[in-house]
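The active site, proton donor feature in TrEMBL is assigned to B:GLU143. As annotated by TrEMBL, active site, nucleophile applies to B:GLU296. The substrate binding site annotation in TrEMBL covers B:ARG104, B:ASN142. The Zn(2+) binding site annotation in TrEMBL covers B:CYS108, B:CYS148, B:CYS150. According to TrEMBL, the domain 'Glycoside hydrolase family 42 N-terminal' annotation covers B:7-373. According to TrEMBL, the domain 'Beta-galactosidase trimerisation' annotation covers B:384-590. If you look up TrEMBL, you'll see B:601-649 marked as domain 'Beta-galactosidase C-terminal'.
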Amino acid sequence: MIFFGGDYNPEQWPEEVLDEDVTLMRQAGVTIATVGVFSWSNLEPEPGRFEFGWLDRVLDRLHEGGIKVALATPTASPPPWFTLAHPEAMPVTADGVRLTHGSRDTYCVSAPAYRAAARTVAAKMAERYAHHPALAMWHVHNEYGTDCRCDFTAAAFRSWLQKKHGELDALNEAWTTAFWSQRYSDWAQILPPRATQYLPNPAHVLDFRRFLSDELLGGYIEQRDLLREANPEVPVTTNFVQGGWVSVDHARWAAEVDLVAVDHYPATAGYGAEVETAFGGDLARGWGGGSWLLMETAPNLVYTPGRMHAKEPGQLTRNSLSYLARGSRGAMYFQWRQPRGGAEMFHSALVPHAGPDSPVFRETIGLGRYLKALGKQTFGPIAAQVAVTWDAPSWWALQGAGLPSKQIDYAAAVQQAHRALYESGLATDFLFPGLDDFAERLRSYKMVIVPHLYLVSDETAGALRDFVAGGGHLVVDHLSGIADPAGRIRLGGYPGAFRDFLGVRVVEWRPLAPTGSIALDNGDRGLRWSERVETAGAETLVRYAGDVLAGAPAITHNRFGDGTAWYVSPGLDDGALRRLLDQVAAEAGVMPVLPGLPPKVEAVRRGDLLFLFNHGATPGQIHLPGPAHDAVTGREVPTSVTVQPGGSLTVRLG
Amino acid sequence: MIFFGGDYNPEQWPEEVLDEDVTLMRQAGVTIATVGVFSWSNLEPEPGRFEFGWLDRVLDRLHEGGIKVALATPTASPPPWFTLAHPEAMPVTADGVRLTHGSRDTYCVSAPAYRAAARTVAAKMAERYAHHPALAMWHVHNEYGTDCRCDFTAAAFRSWLQKKHGELDALNEAWTTAFWSQRYSDWAQILPPRATQYLPNPAHVLDFRRFLSDELLGGYIEQRDLLREANPEVPVTTNFVQGGWVSVDHARWAAEVDLVAVDHYPATAGYGAEVETAFGGDLARGWGGGSWLLMETAPNLVYTPGRMHAKEPGQLTRNSLSYLARGSRGAMYFQWRQPRGGAEMFHSALVPHAGPDSPVFRETIGLGRYLKALGKQTFGPIAAQVAVTWDAPSWWALQGAGLPSKQIDYAAAVQQAHRALYESGLATDFLFPGLDDFAERLRSYKMVIVPHLYLVSDETAGALRDFVAGGGHLVVDHLSGIADPAGRIRLGGYPGAFRDFLGVRVVEWRPLAPTGSIALDNGDRGLRWSERVETAGAETLVRYAGDVLAGAPAITHNRFGDGTAWYVSPGLDDGALRRLLDQVAAEAGVMPVLPGLPPKVEAVRRGDLLFLFNHGATPGQIHLPGPAHDAVTGREVPTSVTVQPGGSLTVRLG
Amino acid sequence: MIFFGGDYNPEQWPEEVLDEDVTLMRQAGVTIATVGVFSWSNLEPEPGRFEFGWLDRVLDRLHEGGIKVALATPTASPPPWFTLAHPEAMPVTADGVRLTHGSRDTYCVSAPAYRAAARTVAAKMAERYAHHPALAMWHVHNEYGTDCRCDFTAAAFRSWLQKKHGELDALNEAWTTAFWSQRYSDWAQILPPRATQYLPNPAHVLDFRRFLSDELLGGYIEQRDLLREANPEVPVTTNFVQGGWVSVDHARWAAEVDLVAVDHYPATAGYGAEVETAFGGDLARGWGGGSWLLMETAPNLVYTPGRMHAKEPGQLTRNSLSYLARGSRGAMYFQWRQPRGGAEMFHSALVPHAGPDSPVFRETIGLGRYLKALGKQTFGPIAAQVAVTWDAPSWWALQGAGLPSKQIDYAAAVQQAHRALYESGLATDFLFPGLDDFAERLRSYKMVIVPHLYLVSDETAGALRDFVAGGGHLVVDHLSGIADPAGRIRLGGYPGAFRDFLGVRVVEWRPLAPTGSIALDNGDRGLRWSERVETAGAETLVRYAGDVLAGAPAITHNRFGDGTAWYVSPGLDDGALRRLLDQVAAEAGVMPVLPGLPPKVEAVRRGDLLFLFNHGATPGQIHLPGPAHDAVTGREVPTSVTVQPGGSLTVRLG
């Protein structure tokens, strides 16, 4: 069964809507509803007084309708009574402003009163619903990521630091506290990063983000264990939210959930949303080790900066299938029914304000039918020969103040690498350098891209070296291999961790102006970044052709052991990067999923299933690799098949 | 008598300046001076010790000079001693920052100590001056609008909410507190909107702004009643300040003042300032029910973003007459004499830093003479056949976070509608949907424009329906009729409140990108907004011609009863909107004040008086409707008369 | 000996690096190292426990290597233990946020605990090192400039105000507190400028900045006196930091240091950095009365907004010589060795991350050799016939809120005047109107430029009047001579202080829009500013030719006594200003250092030494005024000599 459904909040509606909703869900082929997110003030309207009746009715009614439930603990948003009783558990900003209720997510995960109240409500729910027949999975909390700088946080941070660094001198050394007279002589002197006079210590900030990820994880585990104990059969998860502000290292969290569940909201209108969808799906699959679940996306909107952008007809279907094609076990949305009020009343829904007589609900019905038929197929694994690295701590480090350029953007660098591979039709996985199995997972790829991997441990550097020596094709760009995991520069020339197998030594950075660029001798232009590269064994493929760098190496490659390591010094535009990666792929013997696709036509393969999408405005003709049948209708599909603009097609090969 | 004068602060000057000022005022024909604004620290230099001597001398001397006084209570700016004695009465921001003195307006209107101190000083002034022969009116406070989020405010807010909602459950329902776990179980849990984690509850924010308007009004009424009691003959008012940050619903306040007094500061240089002047004057007239007083404007500056823009020669005169033509009982300025120091020392004045030997004072003298002569005329009413709605709560609601587009701008939408009518020379009134007499006032118009009337009660919707059914011509744009007064969406398709008489149903919003536009099949382009409109009885006048909406209705009209209702789905540019409204006016039989005017030449009629302005750079020839005399010189004016660039002419017809 | 070296922080490195550093310093010809800045937490790791051993070793080892030491007291950054013990001594923002450690400069200079701790550590250092043979100078603190608004600051501010104003009524008068009800009836009511409702009182803000300069100076003097007492032979200084945010009036501070030491960081890439270098050097020379020391600049970076811009090869050398040519006694850098961690790990260094095998260190070695040879020469004085005024209080006043235009930029106006003179090759000094010797120093110049001298005392106005009357050539622009030192407008027409000798009267300001300009009748265009000027004796050189000002005077000159005073009403572009100043210089008989230089070739003369720089991209041919020898090689130099692009040459004339 494909999970198809979304967040459902009947507590916002008169009870009679429940019946209508179940009817509409059945009409739409919905198989699962996420219930209970943010329902704490309805479940426990006063401290210690629980009202489960309404939720009983919801679960029972859904069960009668044949709809499963992902039941959420409501701990992401404590009720107003909690604030009144425990002002000390409200989060505090770096400026010392104590937030209060009135939105959501106002709690400090290190505050004892919050943790106790969260355990209580989770335990009550476990007790009552752990064996409910509708229960398909537990959904702990919502989008962990809340930041706090209060004194509870300070105490927890200090404990975490003691565990990590052992001795205070080790911390002083790791944080280079000799700079600016920051040497600590007592653990009690250490605070979370708070408002200070000028630039903070980047190592301090970085460790705080690592701490916060672990501290939030502690909050999750506490609930998970309670729920597991009540019924070990029911899988437990929490929905991962992505964004530069989120201090959660999802790659590490993945080990603690029974199923990686991801909320994914592209932020680019038009074709960009498809590319983001592919990125989000591939990254989530990496976290999930091949399998994951799209827990939330917007049915009918892309939230671009400045406006909510309505999707085009067919796009809901195409996006949903794209997630499935990339390993998701379902397609779930925020949300089922668009609310009448509240802060997100304009977020999109399967049943919008206009009601079921609306384009989005009509498309939902069609999608439900499609997924029902498709659910009968077997979904094989995705086989990728290329991988890109993703590293949350490097992202965090490159968000700091005092960096050489404001154009540094870790996520953009990774997305650009992924986009280039996507455009060339190469199936792509993600790898996580901080994980124990990194070296092992590396071995299964022919080609690996390492964008802006700023922080790198000796182990990671060794694994990448071995990958190349063992015949791999590795592409490294500027700002990779620069620092150790504490953020201390690896000296002697950049990129300190990778100089040997790259065969280069960078002696000076020359970041470009926001509007600037630098000529390269192959006709391309360097963007954002340039630097003085000296080769030490590597062969120069492309040279800088402008500025004081004229004639100096810009792109190099180096035979090392049985493999090759490329170094890309300047930033490149999409076209130039794609041409370069195509060249690497050709050398590495990496092939696209389906060669010869028209522009904006995409093919994704899971086992024998081939998903075809036409994101363009003209019909796309596709040559299949052999005989195939429509995975939904079962009808034979001709080898040369046309997908209409905005359309999609799923076929089973063979 | 026309009120001509402005703010006068002799307490900032050596006493000998008073004599010079009275001489200059008489030279300029000044008839009234606003005295006492911000004089608290001079009137009560220490708690309980009053110094009235200087003010006695000012009032007496002005009286001797034949100049009337608008006497202000000084409560808008408590003295420094008040801060020291009552830190708890200083306002607190949403972030919890307690402000302090050093500027103006630092008080919390809900703080008991502030209210007591304000009553005391007002009572002392009433006692001393209520029967002073110079006293023409009381001017309470200054530009009410100060925001506070302190605990006094919280308590007052809760009382207000209890009065409004009765039961806590009604509030929970109205605010949709089931969303994000915000259900209140005790009134004590309710706070003003303060710093919170993420988006606030829009209904919470909206009610807070309504509360603040009422709370400030309470502060005003308390003083008004004291002053009235001392001498019921003297009218009491306060000067209304306008701006998106001001939580004052002036339409409602108008009932509590004896004369609507308005501060108006256009913010656009050049011709835009004239258009803003017309808008401000028409809106103020609406509040005043036909009559009002321009209490403040800048004599010689327009405060555009980034610089103070000096007016052109003649513009002071033209602007002043434009306010008079639109119903003002006078032309008053901030301020008489430009100060040597203080935060506003560069604000303009009738007597500038350069002294009376200056262009602005010379123009003042001329204007004074003109007004003296003009004051002998009878000023009849303005007869408008068109009205535009203005609704402060809708403005506030559309300033919220989480809306579908950042391009939504309530005030801009109303101003654009007014501007289109202004350009077409149509006399225009304003209507206020929240007032009890709305339905009644509606009846006197042939044509009504309803821009972005987002919040709408059943009563208002009914009144508009009746207006159309009774033969009226109504124009409704997108974002009108969307929500009930609590801000809850009216379901089933937008605009829920107006679907029936518009004969349309909107099933999906598609806001445009900031730089985007969408083709319409009449050659115009939609701006800012598009949406999927289905007709249900209406006739389609214009269709979308681009994007996925191609062919869908964009502008419709619907015969309903004896009238017609237009729906305008996209945003339009000024030209397109004007052409559309011209078409509606033609159907409605609405005629301009004076047909055939050259561009940038404006005609405004009050009874038999016709005010003519040439805001353009070339002479403007005007054909009068019949015989006329110059209202100032008494000379006969030819039927075809020329007004010079930058000039103005007032004639009496008949 | 030329001071050549920079900040050195061996406490950040393993002890063995010290030996390598001394070796490298000797290789590079380094003569001095600044040691101890920000070393407090290493010197006093716990309250009262001092660890001097490491610093002993550093000083001894440097001494053995023949390297002198500028020894810093570490008081700019108290250690974390200080925060824990004295939270009350942490600075507080205007919003009431108390900052904490985690960066640098977190202290309140008015807090007793901070002052005591600073005295203690400074006294300990004095005791231990005052007679160390390596000690060349004391370097107190670092870049004084930290702002605080706490209650200690409030108390100190009140004491300062009492001393300055004597009676409270004098303060009320000076601050125009009658405006907005700000009259103080007790000193206790006065606070530092803190968060307030709206615009602050500009006189309040201005006095606070003056106070802060004096208060910080008090902190400096306290340490200086301790150090002097320990060994009166050793000069004491502190490094001046520049920037609009810095409340330090360096012209006044200069009297309290034994040698003016300046940190200078240009912020413009390319040729702009050279122009800024000249400006910074000339200004520092003014403070130093002819002699000063470049204490810090970035060896290999210009910190432009948005990125760190690497210098071009040769630029380090050229910039360093430019400072020397302008009176610096040395060329010192932040810093010697680029740190591995900490907030400024990407700031540039003589020994970068890449190590000594790097372009920057190689250029350092060359520069060291050059300076060693050059150091044998005698450095004569710079003889300038032109001066520009610089006035910190006017800068501060023109940073206020509520000014007529956001384009007002004091520092930019002074820099533009200096740039015009620089481009014309005129040696330029700076003059400081607030100093006692201003009138006397004025007399030595033929030509003086007075940009935006907004605040002006009667004494200063008199001195400028006498300068003109005595035959001087004075150029005054708009916004000069407007207010008295308290910031009160001088009435009767701008510029009140200078009307008589300028022979003009300005009756109305008309600032231009950010993108606007106004035609002048000489073909140039006015920028940023226009105004209505009436002549009263002056002759009009250029008239406005557009807008309502067409025909009105724009640039005037006035014979007054034996001299001439020019008034420049509009802002001008660089070319127009340079042409105007060239004309003034021609009339004044001011000659360039070397006539006929090619573009971007610069000549600076100190006694018989002539420094030549080619900042351009083509070889620059220079005709020397007579026989000359290379100051480094001693070889004869032909009278017509070519300097290569990016190159420099120092010759001794005669």
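Cβ coordinates come from backbone N, Cα and C, glycine included.
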Fewest-neighbour residue among binding-site residues, criterion Cβ within 10 Å, set B:CYS108, B:CYS148, B:CYS150: B:CYS150
Active-site residues listed as B:GLU143, B:GLU296, least Cβ neighbours within 10 Å: B:GLU143
Local backbone state of B:GLU296 (active site, nucleophile), from DSSP in three classes: strand
Near-site residues: Zn(2+), ref B:CYS108, B:CYS148, B:CYS150, CB cutoff 8 A to centroid: B:ALA89, B:MET90, B:PRO91, B:VAL92, B:TYR107, B:VAL109, B:SER110, B:ALA111, B:ARG149, B:ASP151, B:PHE152, B:THR153
Surrounding CB atoms that lie within 10 Å of the CB of B:ASN142 (substrate binding site), all protein chains: 26
Pairwise Cα distance for the residue listed as 'active site, proton donor'/B:ARG104 (substrate binding site) [Å, integer]: 11
Integer Cα-Cα distance in angstrom, B:CYS108 (Zn(2+) binding site) to B:GLU296 (active site, nucleophile): 24
For B:ARG104 (substrate binding site), nearby residues of its own chain (Cβ under 8 Å, 6 or more apart in sequence): B:PHE38, B:ALA76, B:SER77, B:ALA343
Near-C candidates in B:ARG104, B:CYS108, B:GLU143, the recorded positions, by Cβ under 8 Å: B:ARG104
Spatial separation of B:ASN142 (substrate binding site) from B:CYS150 (Zn(2+) binding site) - C-alpha basis, Å: 22
Integer Å distance between the CA atoms belonging to B:ASN142 (substrate binding site) and B:GLU296 (active site, nucleophile): 11
Cα distance (Å, whole number) from B:ASN142 (substrate binding site) to B:CYS148 (Zn(2+) binding site): 17
Residue distribution over DSSP helix, strand and coil in the domain 'Beta-galactosidase C-terminal' (B:601-649): 0 helix, 27 strand, 22 coil
Whole-number mean of pLDDT values that fall within the domain 'Beta-galactosidase C-terminal' (B:601-649): 96
Mapped DSSP class for B:CYS108 (Zn(2+) binding site), helix or strand or coil: coil
